[in-house]
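Down below is the structure, laid out as structure tokens.
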Number of protein chains: 2
Amino acid sequence: MEETRIRFGIMGCANIARKVSRAILLTPNTTISAIGSRSLEKAVVFASENHFPESTKVYGSYDAVLDDPDVDAVYVPLPTSLHVRWAVLAAEKKKHVLLEKPVALNVGELDTILAACDSNGVQFMDATMWMHHPRTVKMKQLLFDEQRFGQLKSVHSTLTFLAEEDFLKNDIRVNPNLDSLGALGDIGWYCIRAILWAHDYELPNIVTAFRDPEYHESGVILSCGASLNWKTNGKFATFYCSFLSNLCMDIIALGTKGNFRVHDFVIPFNEKVGSFYAVDNSKWAERALGCAPEPSELKIEINLPQEAFMVQEFGRLVAGVRSNEAKPENKWRVISRKTQLVIDAVVASIKNGFVPVEVVY
Amino acid sequence: MEETRIRFGIMGCANIARKVSRAILLTPNTTISAIGSRSLEKAVVFASENHFPESTKVYGSYDAVLDDPDVDAVYVPLPTSLHVRWAVLAAEKKKHVLLEKPVALNVGELDTILAACDSNGVQFMDATMWMHHPRTVKMKQLLFDEQRFGQLKSVHSTLTFLAEEDFLKNDIRVNPNLDSLGALGDIGWYCIRAILWAHDYELPNIVTAFRDPEYHESGVILSCGASLNWKTNGKFATFYCSFLSNLCMDIIALGTKGNFRVHDFVIPFNEKVGSFYAVDNSKWAERALGCAPEPSELKIEINLPQEAFMVQEFGRLVAGVRSNEAKPENKWRVISRKTQLVIDAVVASIKNGFVPVEVVY
């Protein structure tokens, strides 16, 4: 097994890289063969603290990771403004790319990345972990269940957490030079992805940002949201994201015959059990003195954290490409691009005074 | 006790009147002394089926109820388009008015009703039952809790149910001559009330309807929603209401330090226990491998249904006025009027192409 594992190079020592590195080491079909940071010392400490294999090569640059022939794929948790540079370079060095979200500052940048991946035949996937949780698969089955859900009518997604003082002073996500999309990129990304996921990746026709986002003194968005309209069947969605409210991670999906809610869709409260709440075919009691049934909790137990399922899937796709048995899977790049297109539409709507913005693939 | 009970006249045999009549008979300080319908026969059957007291006078007209000196107050569940006529007449006959929601087709009509109540010194209250549930009081305490909730940032309210074929053909709520506000008036009313309630009845500055409501072939709204912005602190809200999705009755209120959710705010699943779910001061686990605490369920047991609490409070206010010990309580008319103002703003926004509409009291 060991020799067939996909060998990751980790680009940088971001906090999120601790979580993903752990997942790579937990996942049967992947391992870590290198890490690079601008500071060799930081990389050494990071590799040690995160229990990287003894054999891991530790570099004082990102380029060295990309030049290492023992690296099949890179995980890129760098600030968003650096994605286009390093993801393109990685592709050019024939490294498969697992890219943190938001994938780019705009769809133009993303297209540059995707073109590089295409022309070099490497797999692209963004690191949207919750997509790979078996709970997500269960919820998707419900979305397609004619009896228990019916036709999707609307989705509301909320993602908020209260940024601490240190975050609001120093985090890259409030630095316009590093992550100029602020809360929209960092957490609005998840809401938009959830909405597209629920709509089976059919793009909305129109995106209209909510009025009066809140801004950091740096100019970066701290809270915002939007409504999304589809052309057919009254299909509709809203999202709201904020660095200024206590933690909330909701999807509410409403169908004609049923609905479901999940309250920890991005990071499950419990790593080993994912819950969601569903109800269908609700009826008023006589004289509307109540209604039934009550929503019930569905629990999905898992033996690996959701990010390990992500790494496993990425590893599986990379293995197919590496052995020349498969071409890179297009699904993930299409989903990334659609998510980015909606982000761009929200940005455009805000910039133009909260006007409706058409979304075209 | 019997002689001091507030004596209700029931105006009409609407289905909702069955529920409220039951509440009037359950409530210690109220009783039913008369019912009127355009059909005497229907009124007789209704009084019998709903176990009205033997002494109840049964009339073949609404006027007869208003002319009955043994009626202190009327409950008016008539179609919305008839409210202005019958509520004004009731006030002129010195009957206190418990008026079903939506209270009027627009704030102009409501002001006519309120002026009649004023000049005749009678109590006005709209029949928004959930406001009177002890659970609502508990949630309001949480909204004001600096440690467990902090500052309110946003509210999202959803109210949907799947209208059956018969409803979509025959119900007054899809008849533009009877209830031209459709889903907005029938259920959007609750969402808007919930939002105002959470914002301590501070009116939003701007209301912007979501694009592309769904319409009945009669022209009545079947689904719609809006976003609401306040001037200060980024305060924000959205709502969505629909006759075309399975039952959902949600409020999600997000504060800086905590949040809460309720999933049956309008009609509790269980008449005897009201639940809501709250969490505060959430923290990410190390490496963001989870978060804690999980939301916890708070249960409030009650000995009367929420509509009985409403009737009891209305009866208490009416008793004060009847005995000349108090003037009519203004709070409820102000809350009704603010709710109607937001409804009017949603209507205006929709009519004018989903533009932002300023709300002024």
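Placement of Cβ uses the backbone N, Cα and C atoms for every residue, glycine included.
Unlike curated entries, TrEMBL annotations are predicted automatically.
TrEMBL has this to say about the protein:
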DOMAIN    B:6-125  domain 'Gfo/Idh/MocA-like oxidoreductase N-terminal'
DOMAIN    B:143-260  domain 'GFO/IDH/MocA-like oxidoreductase'
Per-state residue totals over the domain 'Gfo/Idh/MocA-like oxidoreductase N-terminal' (B:6-125) - DSSP helix, strand, coil: 54 helix, 26 strand, 40 coil
Average pLDDT across the domain 'GFO/IDH/MocA-like oxidoreductase' (B:143-260), rounded to a whole number: 97
Helix, strand and coil residues within the domain 'GFO/IDH/MocA-like oxidoreductase' (B:143-260) as assigned by DSSP: 27 helix, 48 strand, 43 coil
